[in-house]
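Inspection log for the structure reproduced underneath, given as structure tokens.
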Amino acid sequence: MSTAIRSGRQSNWEAFCQWVTDTNNRIYVGWFGVLMIPCLLAATICFTIAFIAAPPVDIDGIREPVAGSLIYGNNIISGAVIPSSNAIGLHFYPIWEAASLDEWLYNGGPYQLVCFHFLIGISAYMGRQWELSYRLGMRPWICVAYSAPLSAAMAVFLVYPFGQGSFSDGMPLGISGTFNFMLVFQAEHNILMHPFHMLGVAGVFGGSLFSAMHGSLVTSSLVRETTEAESQNYGYKFGQEEETYNIVAAHGYFGRLIFQYASFNNSRSLHFFLGAWPVVGIWFTSMGISTMAFNLNGFNFNQSILDSQGRVLNTWADVLNRANLGMEVQHERNAHNFPLDLAAAESTPVALQAPAIG
């Protein structure tokens, strides 16, 4: 009987595979990391160069370039990587599609380069979270939670431009550009009156409240292991089996502060709730952006209440509508003479009275 003896020497490819998937590395790489690292590096390098030195971009496609970089007079607040031109629309616009590098810069090519590499990179980051959890035998909920901010980024950088028909409608990569995107989004889609946005606000602010409540309750019910002269933090040893705080005391305090059933008596269900609340809220916001991308907008109650003489009784909805029109006439002011809402025919008010029959 012959026995096949495998050579003890490892090939370079096998050594590389072992290194990539080794969970003992200081920072886990993983196969998703092989995709993530170059994509995020490319996005970061291009963003940094463009934010500092990119020439003005013809964002509206009307030969009126908008400057966004620092060396063209902006500061950290006003600077941005300007979205690609409306003349490009939804066309894929890599460097080799332009006649020259100057043309690529003029039409906002860096915006597409940054966004596409960034979206691939953060998607791979989510895959890397799952991959590391799988190799360590953990449950997969970390990457599920991360899918909420990932879906939000996908909504504003990919889905919304697709729905509107041009990457020039994507969110600019800067602080004031983000605020401009929010104002224009409200003007065109009435997002404040969309239920999914309301759920997102509840998720973000509720998550902040619950996080602060949980942290303060735990910190206030620590089991003292030190003297008064020492910090309580020294009473905890990493990996210790004993509870570091008294959950019964925290439960009793909060149950008496609100009422008994407002307080969790199960640590696992408590932490699931803390994770699920903001995640579900941000999921809803992403779905709201994605539906409004195709102009399924927020509720519109403009001029919906009339008196017996048919005169409009203004409500908060009418105040909001006037603010929307003001924001709409101010943006892209040279790209069109009138915003669509003002150029359209007079709208028929919805009255709160039954029509006359016969």
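Numbering starts at 1 and runs along the chain as it is shown here.
Glycine is no exception: its Cβ is also placed from the backbone N, Cα and C atoms.
Database features, via Swiss-Prot:
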type	residues	note
BINDING	HIS117	chlorophyll a ChlzD1 binding site
BINDING	TYR125	pheophytin a binding site
BINDING	ASP169, GLU188, HIS331, GLU332, ASP341, ALA343	[CaMn4O5] cluster binding site
BINDING	HIS197	chlorophyll a PD1 binding site
BINDING	HIS214, HIS271	Fe cation binding site
BINDING	HIS214, SER263, PHE264	quinone binding site
SITE	TYR160	site 'Tyrosine radical intermediate'
SITE	HIS189	site 'Stabilizes free radical intermediate'
TRANSMEM	28-45	transmembrane segment
TRANSMEM	117-132	transmembrane segment
TRANSMEM	141-155	transmembrane segment
TRANSMEM	196-217	transmembrane segment
TRANSMEM	273-287	transmembrane segment
Task: binding-site residues compared (HIS197, HIS214, HIS271) - highest count of Cβ atoms within 10 Å - done: HIS197
Task: 8 Å Cβ shell about HIS214, SER263, PHE264 centroid, quinone site members excluded - done: MET213, LEU217, ALA250, HIS251, PHE254, LEU270
Open item on the list: Cβ pairs under 8 Å only, please: of the recorded stretches 28-45, 141-155, 196-217, 273-287, which one is richest in them relative to the transmembrane segment (117-132)?
Closed with: 28-45
Task: Listed recorded positions TYR160, HIS214, SER263, PHE264, HIS271, filtered to Cα within 10 Å of ASP169 ([CaMn4O5] cluster binding site) - done: TYR160
Open item on the list: Long-range neighbours only, meaning 6 or more apart in sequence with Cβ under 8 Å: which ones does TYR125 (pheophytin a binding site) have?
Closed with: PHE32, MET36, LEU40, TYR146
Task: Rounded inter-Cα distance in Å - HIS214 (Fe cation binding site), SER263 (quinone binding site) - done: 11
Task: Neighbour tally for HIS117 (chlorophyll a ChlzD1 binding site), based on other Cβ positions within 10 Å of its Cβ - done: 20
- [ ] Quick one: give me the count of other CB atoms within 10 A of the CB of HIS189 (site 'Stabilizes free radical intermediate').
- [x] 23
Task: Cβ-based isolation winner (fewest other Cβ atoms within 10 Å) among the binding-site residues ASP169, GLU332 - done: GLU332
Task: Neighbour-count leader, CB within 10 A, recorded positions: TYR160, PHE264 - done: TYR160
